[in-house]
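Features as listed in TrEMBL:
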- 51-67: compositional bias 'Low complexity' (COMPBIAS)
- 7-296: domain 'Cdc23' (DOMAIN)
- 45-74: region 'Disordered' (REGION)
- 391-424: repeat 'TPR' (REPEAT)
- 425-458: repeat 'TPR' (REPEAT)
Amino acid sequence: MASKDTYRTELRAAVRHLSDRCLHAASKWAAELLVGIEPDHSTTVIPPPSIASSRATPSSSSSSSSAPHHHSAYVSSLRRRIRPSLEQTPLAGVSYVRTPVPDEDFGDGDNDRYLLAKSLFDCREYRRAAHALRDQTGKKSVFLRCYALYLAGEKRKEEEMLELEKPLGKSDAVNAELVSLERELSTLRRTGSIDSFGLYLYGIVLKEKGSEKLAITALVESVNSYPWNWSAWSELQSLCTTTEVLNNLNLKNHWMKDFFLASAYQELKMHEEALKRYEYLLNISRFSDYIQAQIAAALYNLREFDEAEVVFEELLRTDPYRVDAMDIYSNLLYAKESFSALSFLAHRVFLTDKYRPESCCIIANYYSLKGQHEKSVIYFKRALKLNKKYLSAWTLMGHEYVEMKNTPAAIDAYRRAVDINPRDYRAWYGLGQTYEMMGMPFYALYYFRKSSYLQPNDARLWIAMAQCYESVPLQMLEEAIKCYMRAANCNDREGIALHQLAKLHSVLGRSEQAAFYYKKDLEKLEADERQGPNMIEALLFLAKHCKAEKRFEEAEMYCTRLLDYTGPEKETAKNLLRGLKIAQSAFPSMDIDHFAP
């Protein structure tokens with residue numbers, strides 16, 4: 001049975017090993033996880049939660065007395081909804097795989113050359129670093145030499161992209177080192193002279209060359225050999241474009257596998273499953289900022305904005321200079337139109353590190369919410385100068401161009417986003433919106449279908465498709481009804497689908513179906529305590545429909561409610577009530593004559 005002290009010891013070793021191999025992003029990830037593990041006063045890790053225990057707050061656990069009170073309340077706020085139990089990689093027991101210690105061989109034993117190469121690497125003198133290790137044959141030295149050559153090729157590729165730049169940063173530049181690196185690393189793999197870090201680099205090279213299946217095989221070997229390299233897991237995740245690919249991976253049972261699965265579920269838009277995994281991982285690392293940030297992102301993607309905001313605020317209280325994941329928080333504040341909070345966040349990240357892509361994106365969101373779309377585009381472009389593969393920046397910049405009615409630039413931005421990640425439903429949706437603006441409904445429908453296929457539970461996408469079917473060039477009302485039905489079944493929070501279903505059935509002369517949906521729409525408006533033209537329209541239709549169906553009491557109720565309004569609907573309601581009184585006085589005698597023997 002493994003204790004938390006065991007995980008802490010292995011994480012400390014992982015931080016050293018990853019830093020020693022210049023994998024600084026993975027080292028930072030492991031260090032953040034390390035400080036999130038609370039002291040282990042017992043001998044074993046908390047077991048995987050059952051249905052009941054998974055909803056318990058940290059204060060109910062045996063070690064909760066060591067946790068601050070605010071954290072206990074915070075974690076309990078994450079666990080409001082009962083979720084089904086979930087089979088996880090066991091935290092302890094026979095299936096737990098101990099992390100092997102990487103070999104520290106140097107071939108001829110020349111450690112000084114490795115230290116020189118590492119110093120040059122840290123100074124970004126990649127070719128000099130590779131040259132310093134030209135005669136070294138140890139696995140550690142070979143990895144650093146090959147990694148330095150790969151980054152030297154990437155650096156030259158970036159320079160060529162700037163020199164030969166096409167519109168919006170497109171370029172045909174490639175890493176010239178890939179061919180020689182693939183040849184060398186494949187030979188080392190065949191002879192068994194490669195370690196887990198070499199396999200990680202081999203997987204990257206294969207991925208860059210388009211050999212995705214071989215890349216997956218190499219990366220699976222790497223993470224099975226040394227699970228602590230989060231960079232290898234991240235590369236593997238980028239290749240898991242479907243749940244089928246993910247489920248077919250032959251991964252060993254190490255608890256790092258749960259971090260990988262949670263992250264992969266997030267990327268595959270399986271946000272409920274991701275949230276279950278991250279909440280479960282709180283048992284191991286209850287104070288991990290990384291886990292809290294991922295939980296907040298999952299809640300945001302589930303459109304649980306209030307809960308997500310609580311988590312982000314707590315995250316900023318514990319880590320006030322954090323920039324990672326704060327761009328997601330800015331998207332949340334933008335969606336909630338929280339101008340003052342977004343202004344404060346933009347000011348904070350500007351003072352912390354204004355040249356981070358995330359900081360530029362947050363400031364761009366701030367200007368967008370102010371309606372200054374030109375300034376917003378400037379900051380999105382700055383973000384993309386810093387990271388050309390920053391997916392959110394491309395998509396959001398496309399939205400800004402739509403607001404500015406610059407449709408060609410919007411289409412270019414959305415297409416760049418799709419090139420980076422073909423599963424980004426927001427970019428496909430943006431393309432649909434842009435082509436709809438251009439009066440090209442068939443193109444728009446193609447892109448709306450792509451977005452709804454990737455995100456079938458988002459009501460907004462089905463509504464957009466339905467409105468496209470409704471448009472004047474198409475007038476495919478039956479297809480529009482089908483889309484609105486899907487939207488209504490996908491928890492359409494704004495109630496657009498119900499109202500449009502009622503209107504379309506009314507246009508098609510199906511008064512019973514129209515009355516059914518108007519009644520549903522009225523119930524939703526009342527539950528949300530909303531007033532407006534939709535409620536007036538529903539009351540008018542239902543009053544007229546009930547009068548025609550001789551349900552006079554019900555019709556009178558709807559007319560009475562219309563009298564509370566001050567517009568022309570009030571006069572319409574008075575006329576309907578007068579007609580109802582006349583009809584009611586005539587109806588009983590008609591009814592008696594009809595049923596007399």
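Backbone N, Cα and C atoms are what each Cβ position is placed from, and that goes for glycine too.
For the repeat 'TPR' (425-458), the list of distant contacts is 269, 394-395, 398-399, 402, 405, 407, 410-411, 414-415, 417-418, 464-465, 468-469, 471, 473-474, 486, 490-491: same-chain residues at least six beyond its ends, Cβ to Cβ under 8 Å.
Residue counts for the repeat 'TPR' (391-424) under DSSP (helix as H, G, I; strand as E, B; rest coil) come to 27 helix, 0 strand, 7 coil. If you take every residue in the domain 'Cdc23' (7-296) and average the pLDDT, you get 77. Under DSSP, residues within the repeat 'TPR' (425-458) fall into helix, strand and coil as 27 helix, 0 strand, 7 coil.
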